[in-house]
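Look at TrEMBL and you will find 362-603 tagged as domain 'ABC transporter'. What TrEMBL records for 322-359 is region 'Disordered'. Positions annotated as transmembrane segment by TrEMBL: 21-39, 51-70, 99-120, 126-146, 167-189, 219-238, 250-268, 274-295.
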Amino acid sequence: MSIASVAGSRRYLVPGEPSRRSGLALLCLVLVAYFGISFDNFLTVSNGLTILMNVSAIAIAAVGAMLLLISGNVDLSIGGQYALISVITAQFAKDSGNVVLAVVAGLVAGLILGATNGILVRYMKISPLIVTLGTMAVFKGLAYLVSEGRSVFGFAESFIFLGRARINTVPLPVIIAAVIFIAGGLWLLRTSGGLRLFAIGGNANAARLTGVNVDWTVVRLYVLNGLLMGVVAVLTTARLGSGTPQIGTSFELDVLTAVILGGVGFAGGSGHPAGVFVGVATIGILSSGLIFAGLEDWWQQISKGLVLLLALGADQIAEHRRARSLRKEAPPDTGEVKSTSKPMDEYDLERDPAHEPGPVVMTATGLSRRFGSVFALRDGTFSVRSGEVVCLVGDNGAGKSTLIKLISGVHRPDSGTIELDGREVSFGGPIDARRAGIETVHQDLAVCPNLGVAHNLILGDEPKKRLLGFIPVRDDAAAVARTKQRLASLGITLTDLNRSVGRLSGGQRQSVSIARAMKDGVKLVILDEPTAALGVTQTRNVLRIARQAADNGAGVILISHDIRTVFAVADRVVVLRLGQVVHDDTIDRVTHTKLLHLMAGLEDVSDAEGVKQ
Ligand SMILES: Nc1ncnc2c1ncn2[C@@H]1O[C@H](COP(=O)(O)OP(=O)(O)OP(=O)(O)O)[C@@H](O)[C@H]1O
């Protein structure tokens, strides 16, 4: 791949949908011009520094809010955290007179409050809106309880200095906010962790199936958010010289308004730090202008509330437009996946008659799994050799998906063992199975519609490089190179990589999903009904790719309801019925009729008529 083609393709590597930041930047400039013309002292350096000082708290909190929203979560309790951490920090600063102890107390309090939110949201499976609405009230109440409703003051000068220090006239909190904002933005855009947040926000289930630890990531995000609120509360308490339970009232309104105004979608999966920066600036300028206009506090509240509603309205309109353009743009399914082989009769594949399966790669022995009272799988036993395509067939609800979910680490078996290359393995999640060399294309494709083709393809196995020799970041150029090479080797032509996967047709999404599974060195490829929604040409190409994977030495398990695909591609066929393996033999020892009867549970087929002679 040429350097030029990699550089030219960078455009589509920014994850997520484009935000509305240019329009907002214009609004911001209009506000500056309006307030500048209306009020004499608005456009002065000192007012600029005051605005920066005032928005530094919002900017720090906006980093946490942005990351949470992009991952499809939200924290309404930040105002409550602000108040509680402020009075805790103040109490430590007053009682100990030790700056370090006060700062550590504030940060640890933030960590604990953030972790509380994270654990409640993820492990109790409650909506983040409801959880953080509840914790908001609890944290606020605790702030009053700890401080007995009074302001806490009387700190050492060294602590107050922390909030009022300046470096070259720029207040220290502004510098800290700038560092946190830039670091957070770069992390979001340039690292694997950032990409995974977009993936979780776009399709949490797909992210989970590709190996992202969604629960743990979200808990860590809430902890980070709490830590950032710790920084905000410590700096503000030091600057004000007191900690008070009244602080943070409507803080969540300011922060969420800035972030949503900055183009971060409330539905998750989209947003850009540059947009959030403009959103924060807009809120700062608006607040300052309203103060210059001499409006009472309640008018400021009304104005900010209206701006939030407008931002949410704009977000909804953008969401509808996106959905409409997705429907319009989805191209027809023909022609994008091209075969490199000569034309064949329906589903017929060229087979190498000399091809012999190799040693056993995977053996499942006595696998069982119940879901409540449903016995989804009982005593599932079968094996797959390298170079072999094993078709798993059975009626709806027979237990096929359950069986492959046990093998691919999505579920844990209640009993039974899985051996890979002769060694017993146990998977804690899909990422363990992927690391062991098992790749799966799930029935629902597990793609993230908001991410581009290359990012979907590398998700869970992102190439990395070191920035400045020591900062680990995602290597997007390597991701593009890997994507192009993988698609080319499979004979898949996706003419436009410059689009999110949500804009691709069903067949194209299938190609991306399959290409992701066909890694170099993969030991076992599992395809769960990969041809269910495809036409003849595409089905034939998916089967060709499955055969190609086997010819390259992988073991392949393919689930299908279509008997024709089974006879076109299988070396061996395993039939499941009511959660049990009822047949396991080479494809040349069974006929269409016998297979149908086995699936349907009709036992009266004699071997003489059922087995090819
Ligand atoms: N997560 C789950 N929770 C509860 N029941 C489940 C779960 N997953 C599967 N089951 C049940 O287990 C049984 C087997 O389901 P499974 O999806 O494995 O069948 P299948 O052969 O793949 O079916 P299909 O061909 O329709 O996809 C069904 O009765 C199903 O309802």
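The backbone N, Cα and C atoms fix where each Cβ goes, glycine too.
Each of 99-120, 167-189, 219-238, 250-268 was scored by its Cβ pairs under 8 Å to the transmembrane segment (21-39), and the highest score goes to 250-268. Long-range neighbours of the transmembrane segment (167-189) within the same chain, counting only residues 6 or more positions beyond its ends whose Cβ lies under 8 Å from a Cβ of the stretch, are 14-15, 49, 52-53, 55-57, 59-60, 62-63, 66-67, 70, 197, 228, 231, 235-236, 239, 272-274, 276-277.
The recorded stretches the transmembrane segment (250-268) and the transmembrane segment (99-120) do not share 3+ CB pairs below 8 A when only pairs 6 or more apart in sequence are counted, and are therefore not in contact. Among the listed stretches 51-70, 99-120, 126-146, 274-295, the one sharing the most Cβ pairs under 8 Å with the transmembrane segment (219-238) is 99-120.
Here the transmembrane segment (99-120) touches the transmembrane segment (126-146). Their Cβ atoms form 3 or more pairs under 8 Å, with each pair 6 or more residues apart.
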